[in-house]
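Report on the structure given below.
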Amino acid sequence: MRDTLTVLRKIYLFYPVQNTTVILLRMFGFAGLGVLSGVFIKRYFDEASGQALTLNGLLFLTAMLMTVPLVQAITYYIDLGLSYGRTEIVRAIFRRNILREIFKRPGALPLPVDQGQMMNIMRSDVTVHEGLYWDLTYLSAFAVFSIGGLVMLGSVDWPVTVILFAPLPAIIMIVKWLEKQITAYYRAERMTTDRVLGVISDIFNYSQALKINKAERPFLNRLAGLGEERARAGRRNAVFTTALASIYDNIVNIGIALLLLLLSDKLRNGSFSIGSFTLFVFFLGYISNFTRLFGKVLTNFKSSALSLNRIEGVIGERYLVKLTQNDSLFLASDPPNPPDEPDESCGPLLGNLHIDGLSYTFPNSKQGIRNISFSIRQGSFTVITGKMGSGKTTLLRVMLGLLPKASGEIKWNGRLVPNAADFFVPPNVAYTPQVPYLFSDTIKANILLGYPDESQITAAIHQSVLEEDLNRFEMGADTLLGTKGVNLSGGQLQRTAAARMLVRDAQLLVMDDVSSALDVDTEKRLWERLNELRSSKGVTLLVVTQKEYALKYADQVIVLENGEMKSVS
Ligand SMILES: Nc1ncnc2c1ncn2[C@@H]1O[C@H](COP(=O)(O)OP(=O)(O)OP(=O)(O)O)[C@@H](O)[C@H]1O
C-alpha cells in the first residue's frame, strides 16, 4: 500500500502543474458545479411546486440549469487537453527506467526473470498504476460531490442521508475480506501470461532448432496447453473482478431501494418537499458512482502492489526510486549523445594490466573461476587456453565487467580500475565475444555499429581477413544481412565481429575463440595480421583459444583447469 502511494505521488509530481489543474477542474469544475446544479434543481422544484412561483425566478433557475452543464463541458475539454496523452508518457517513463536498469546490469548476467515475464512486465505491469492514479482523481471529484451531498442532504434529512452512505463501509469490509483472493487471481493471470509469452518468444528465437529436431508439434501442444491455462486464469480473474463490481453495484442498489422506500413514505405524508426529493435523486447517481469507484480503487490498489512487486524482481533494491526517475524522454528532440571522452582515469596509454585474485561463481551451477592472477604488458600477446568448461570465457567476462567479480583487483598502469564495465570499452579495450551477434543491416553498418570514424574500416576488413569474402558479394560491405539479406558462414560471422573490434582502434584487443570456425589457412592469416598490428601499432592482444596456431606468437600462455590457473609460461 505504501509503495503504491509513493508511485502515485510520483506520477502526480511528473507534471505537478497540469495534474493540479486537472484535479481542480475535476473537483470544482465538474463536481463543484454539479453540486451547485443540485441547489438550483431543489430551488427550481420547490418554487415550481410551491405558491411563490415568479416568472423571473423560474427563468433565472432555468438559465442556471443550462449554464452549469455548459461550463462543465468546457472544463471537461480543458481537462481532456491536459490529461490526454499523459497516460502513455507515464508508461513510457516507467518502461524507459526499467530498461535503463537492465542496461546497467553486467552485460553477461542473465535477467533475473525469464523473457516472457519481462515482456509482460513491460506490457502490463507498468500500466496499472497510472490507471489507478486517474481513477483516484475521479474519486476525489466524486468525493467533493459526496461531501457536498452529505452536507446538503444532511441538513434536509439526516437518517435518510446515512442510508445513502451506508454501502461504503460494507465495500471496505468486502475488499478486506477478499484481499487474498483478489491478489491470487490477479497473480495467476499474470503468471500464466508470462509463460505463454515466454514460449512465443522461444518459438521466434529458436524456430530453426525446433524445425531440425522436428519439435514443432510438441512445442505447439505446449503452447496450446499454456494458452488454455492462461485462458482459465484470465476467465477466473475476469469473473471474479466482475462479480466484485456487481457486488458493489448491488450493495449500492439495495441502498437506493431502501432510500426510495423511505422517501416515498415521507413524500406521501408530506414531510418531504418535491425539491428535497429531487435533490436526493440528483445526488443518488453521483454518490453511488463514488461508492462503486471506491470499491474499484481499493481492488486496484491490490493489483498495483503485486505489479510493483514484479517490477522489484527485475530492478531490485531501491526500485521505487529507480522506477520513478523523471528525466526527459526526449519526445520532441533527439537525446544528446553520451559523453565520448575516453576514461583516462588510469592513464591515457596502457603500460601494464594486472589481474589479481579474480573470482566469480555462477550462483546456479557453482562453477566459475577462482583466484586468477596474471599480468600483461603493453604490446604483448597473451593466450588463455584450457579444456572446455575450464573457465576461459568466464575469466574474460569477469575481467571486462560483463559479470560481477566476487573478489579480486584489476589494475591498469598500477591504478585500480574502479568500474570494469565502464573502463574496458574503446578506446581502452575492444572485445570479440565467443558468440557474436550481427544485426539485420549491412556488413559495413555491423562493423561500424555506430562508430563515427570510418577511416579504419578498410584496414579492419583486411586485418580480419574479410576482404576476399566481401569481394565475392555483389554489394561488398554494403551487402545486407539477416532476414532480408544473406546469411554469413560461421567463419565470416566471426571475422565480421573481429572487424567490428578492430575498427575501434583500441589499445587492448580481447578475443574469445575468434578462430574456432576458421579453416587452417584463414586462421593462419588472421593471427599473422593481428601479430603485424601488434608490431606496427603496439596493440596488446589477449586471446582465448583452444587451437595451437596462435601459440606460435604468444609471449605468455595461461592454462586454466576447473576454473583455476594451472600454469603460466
Ligand atoms: N550462465 C552460466 N550459468 C551457470 N554456469 C555457467 C554459466 N556459464 C558458464 N557456466 C559454467 O562455468 C564453467 C566455465 O564456463 P566457461 O564458459 O567459462 O568455460 P570455457 O573454458 O570458456 O569453455 P569453452 O571452451 O567450452 O567455451 C563451466 O562449467 C560452465 O558450465
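Heads up, the Cβ atoms here are built off N, Cα and C, so glycines get one too.
According to TrEMBL, the feature domain 'ABC transmembrane type-1' maps to 27-303. Sequence annotations record features per position, and here TrEMBL assigns domain 'ABC transporter' to 353-568. The transmembrane segment annotation in TrEMBL covers 21-41, 53-78, 132-152, 158-178, 238-263, 269-287.
Remote same-chain partners of the transmembrane segment (21-41), defined as residues 6 or more beyond its termini with a Cβ less than 8 Å from a stretch Cβ, comprise 61, 64-65, 68-69, 71-72, 75-76, 78-79, 82-83, 137-138, 140-145, 148-149, 152, 275, 278-279, 282-283, 286. Confidence across the domain 'ABC transporter' (353-568), taken as the mean pLDDT and rounded to a whole number, stands at 91. Long-range Cβ contacts of the transmembrane segment (269-287) within its own chain (Cβ-Cβ under 8 Å, at least 6 residues beyond either end) map to 31, 34, 37-38, 41-49, 142, 145-146, 149, 152-153, 156-157, 160, 164-165, 256, 259, 263.
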